[in-house]
């Protein structure tokens, strides 16, 4: 199992989502992707997309206004 | 916005349930919140002593910002997410908002019309032409790059996302430039288009029905689109 962290701190709304989508595509099933974000809109649309796509998703607020979206690739 | 510090109640994957050390203890934001509430109330009282309207604007502005922030109601995402993620949940929320405004504004306008008063907001019945389409397209590109439309950018600046302060600054500069040149565009392009007020065409009742039907059609299309996208 691999764990990949992508740093999207300071990136505005669609950028973290696009980065997460591209990264997840090149990862293997069972790998975990951690997206670090500080944009409240991305905090909603990254997990929403990943869940709709059928992956296991968890959101953790690591600091005030700073989140980690943890995505486990399931397929 | 972070009163709860722990992980959310969403499904956990066994691999990611490891304990993650917090980098630094989080500050309690409740005192600041109470302070902000008091400042809002004091400014509100001061405004209501001056004039009637500014207090109303102050309170609706704050309420609007609060709802935007809590609901993550984002006009940019409503146009962008269907393409990016296939999700139309925000698109449908915007359509519902349009439907409610249609009914509300028709009631206001019709009320004024019935009692023989000048109909409010008729200055916003602007001519439509190719300029509208081009302008909307340019605005769309801009708001996706900036990561928010006017309301979304303002709301995120309030949240403390400083990157969008740049977007806001240039939004102000662009608006000032646009307002400065508006006379030229209006004379040569905008005023050439037809000015359509739906109640003049379909009648008051007909206009509401037609507009709600268009919104309903778009809503159904959004649901169908999302199903088609996520079933792949």
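Using the three backbone atoms N, Cα and C, a Cβ is placed for every residue, glycine included.
All annotation found in TrEMBL is predicted automatically rather than curated by experts.
According to TrEMBL, the protein carries these features:
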- B:7-18: compositional bias 'Low complexity' (COMPBIAS)
- B:1-25: region 'Disordered' (REGION)
- B:30-49: transmembrane segment (TRANSMEM)
- B:55-73: transmembrane segment (TRANSMEM)
- B:93-112: transmembrane segment (TRANSMEM)
- B:124-149: transmembrane segment (TRANSMEM)
- B:161-182: transmembrane segment (TRANSMEM)
- B:202-222: transmembrane segment (TRANSMEM)
Give the one range among B:55-73, B:124-149, B:202-222 whose Cβ atoms make the most pairs under 8 Å with those of the transmembrane segment (B:161-182). B:124-149
For the transmembrane segment (B:202-222), distant same-chain residues with Cβ under 8 A (at least six beyond the ends): 82, 88, 91-92, 95-96, 98-99, 102-103, 106, 110, 113
